[in-house]
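One structure is given below, encoded as structure tokens.
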Ligand SMILES: O=C(O)C1=C[C@@H](OP(=O)(O)O)[C@@H](O)[C@H](O)C1
Ligand SMILES: C=C(OP(=O)(O)O)C(=O)O
């Protein structure tokens, strides 16, 4: 395993161009594959998560090829049609945005499919989605532990058009049902429990509408999607990754200024609202059509904030506590425990290495860095891209080392290249 050494940084300046959003890339790939017509995807993220989706789509018989920087997807115009005689095994790594949507789409396709992935993927829940698909008459078996991948799916037809799903563990279950809904003859999706990560559901609806779906909704309680084919929008430009942007924007709030290209005032991603959090903490932000600029806060303020709507961006706030006047307290983030690692436990362990005071519970973390050591520390990253990217912000406080920096390949393979380009 490689370890990356980062000398203490004193400032960030200049500009970066973001890779495409993971959430939009994997949604756009799947929708293009099942749409009528050919789609040219611009600024598609190239990372492990999207490679898993691309490889899966190819194994399912979809033609995808690169034309320069553009990914061309020849849509099949329906759910997948594979032979039921041969089991197709899809290794989806640790990509939630591949596992959950494919689980739903394959259960209404023709064929026999095994969905598997990394060891951690086998610990990430999928029960609420698969159980709700079963109530539609679809066939999903757990090959190992009930409620978790690997899954054996025998594609079939729904026998009803209304489904209940619990939204309190992952919004991806609702997004998965929404994406499959038009192709199974239409669906009313009733959400039980308190839906988390709501902006990702809005992102899904915006994208399926772009591909021609008709959606009506009652807030976040009930969604009705009409039957119909998806139709390719021909060309689709993937926005830059707003979650990936948060590290650079946070660094600027701490120590300089940055222009981030690829997101702007019209971004549809929930994590764009991290900029508002930075403003609350004292940073100055300027928003334009296709870029944002962030400037150092004269004094960075602590914050006590519910981050349920931005679970990924929330991680960026943790190391920011090293630079704030007052504590950083992040609440309503229970979903951290079932993501790439138990992110609350991992953050407590890594932040404690800095000698700061960390308090945590089932769904919150609080950091008081008014007392801390000044040691050079080595951070473990738990095969979690966001642990590696978040902890890089500690380099404005001291020399640090990051174990397994390569884990950023899940969503942002060149993260440390860009970080070194703009931070000195
Ligand atoms: O739908 C999506 O693209 C995502 C939804 C969120 O997951 P949860 O809904 O499980 O919180 C987020 O953390 C993940 O990185 C991407
Ligand atoms: C939770 C994440 O990923 P996934 O899409 O695998 O859920 C993430 O990117 O932080």
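Every residue gets a Cβ built from N, Cα and C, even glycine.
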According to TrEMBL, 22, 96, 124, 172, 343, 410 bind phosphoenolpyruvate; which one of 46, 217, 372, 386 is listed for that same site? 386
Min neighbour Cβ count (10 Å) across binding-site residues 27, 343, 410 flags 410
Just to be sure I understand: of 96, 124, 386, which binding-site residues have a C-alpha no more than 10 angstroms from the C-alpha of residue 312 (active site, proton acceptor)? 386
Per the record, phosphoenolpyruvate is bound by 22, 96, 124, 172, 343, 386, 410: how many Å separate the farthest pair of Cα atoms? 19
Mean pLDDT, the domain 'Enolpyruvate transferase' (7-416)? 98
